[in-house]
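Student: According to Swiss-Prot, the record shows the following:
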type     : residues                           : note
DISULFID : C115-C120                          : disulfide bond
BINDING  : D126, E155                         : Mg(2+) 1 binding site
BINDING  : E155, D176, L178                   : Mg(2+) 2 binding site
BINDING  : D176, D179, E326                   : Mg(2+) 3 binding site
BINDING  : D179, G180, S181, S182, Y290, K320 : substrate binding site
Amino acid sequence: METVAAAGYAHGAATRSPACCAAMSFSQSYRPKAARPATSFYGESLRANTARTSFPAGRQSKAASRAALTTRCAIGDSLEEFLTKATPDKNLIRLLICMGEAMRTIAFKVRTASCGGTACVNSFGDEQLAVDMLADKLLFEALEYSHVCKYACSEEVPELQDMGGPVEGGFSVAFDPLDGSSIVDTNFTVGTIFGVWPGDKLTGVTGGDQVAAAMGIYGPRTTFVVALKDCPGTHEFLLLDEGKWQHVKDTTSIGEGKMFSPGNLRATFDNPDYDKLVNYYVKEKYTLRYTGGMVPDVNQIIVKEKGIFTNVTSPTAKAKLRLLFEVAPLGFLIEKAGGHSSDGKQSVLDKVISVLDERTQVAYGSKNEIIRFEETLYGSSRLAASATVGATA
């Protein structure tokens, strides 16, 4: 199925060819709940490969899922090879490959965006769009043309959009199309976040109900970090020059180490417990690694296999991070990697998503760091019984 790459934007040397750029065909603007255009940037080859009858509906049995994991996923595998070994659910494979194609195009559009006084823009067909809106449209198109997504919503379009896929054997997807879009002009790393839930529900569910989550990281390297419910670990794929996603790392444990990323520091003004926590990091000579982008700040915990990210609220610094679009998917990635997440009292994967725009504070990191986070903010930790707080450099 990697052959569908030809229908997307060929990466590497081909992407730098003016002729290739001119030949690129995009659809009209994505129009939720309206008639869809006859063509897409995916082209007819992807349309042909994603016919609704391509894969049988229905969830795999637990026995089949376990059997699929007997074949070890290997470093060096392509995305398709990895997914074929990681899950027997062909619908989920198709959805993740389509999202990978969209993120490859987003990476190119971010890299070539024109940044003026108010926004960074690039072309989408005949339109000039802010790059976050362009990413939003590309991801909605990817989900529509996967033919296995029932509902989708995004941080830019926080209402359920019917993608036309089945309920039984299909999925609902929530995504942040371009987290950190305000720092594109400064050339900082930005990214895409998405979570995949089975069926047609995105409320009344928890982050723990996800069957997969992923993030795309658009920085010096373009990477695609994926975790699946029935596959151990969190897995990183690198976008090669020829446009292929290659499996380059798996993470199954997050150890102790003195690295911190403190978000929403203005909350330390009137949240003395958060101020105490940040001062502890400084006093203990933790290494500060904070970019202002949630995706790279969380991704470094998975890559370095240590550290903590915090984003805490206060009476005057309210919660901004969205549970559905950002917090739960990233929590899934961290916990599948062997780390922990917390809203101060519980794992973010245990929080019921009551409304699409629900917001929360959060911390991600190693077990001991989450214990320290919970104990400092609330006096006790649900994790403390089985671990001793302490970090090593």
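Cβ atoms here come from the backbone N, Cα and C positions, even for glycine.
Show me how these features fit into the structure around them.
Tutor: Take the CB of C120 (disulfide bond) and look out to 10 A: across all protein chains shown you find 22 other CB atoms.
Under DSSP, E155 (Mg(2+) 1 binding site) is assigned to coil, being neither helix nor strand in the three-state scheme.
For the recorded site, L178 (Mg(2+) 2 binding site), the DSSP three-state label reads strand. Within the same chain, residues at least 6 positions away in sequence whose Cβ sits under 8 Å from that of L178 (Mg(2+) 2 binding site) are I106, V110, V131, D132, A135, D136, V184, V190, G191, T192.
There are 27 other CB atoms within 10 A of the CB of D179 (Mg(2+) 3 binding site), with all protein chains counted.
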Student: With E326 (Mg(2+) 3 binding site) as the reference Cα, tell me which of the binding-site residues D176, S181, S182 is the closest one.
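Tutor: Nearest in space to E326 (Mg(2+) 3 binding site), counting only the binding-site residues, is D176.
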Student: Quick check: in three-state DSSP terms, what is E326 (Mg(2+) 3 binding site)?
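Tutor: E326 (Mg(2+) 3 binding site) sits in a helix per DSSP.
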Student: Cα distance, D126 (Mg(2+) 1 binding site) to K320 (substrate binding site), nearest Å?
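Tutor: Pair distance, Cα basis, whole Å: 34 Å.
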Student: With the cut-off set at 10 Å between Cβ atoms, which of these binding-site residues ends up with the most neighbours? Options: E155, E326.
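Tutor: In terms of Cβ crowding, the pick is E326.
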Student: When the Cα of C115 (disulfide bond) is compared with the Cα of each of the binding-site residues D126, D179, S182, Y290, which one is closest?
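Tutor: The answer is S182.
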Student: Within its own chain, what residues at least 6 apart in sequence put their Cβ under 8 Å from the Cβ of D126 (Mg(2+) 1 binding site), listed in sequence order?
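Tutor: Result: none.
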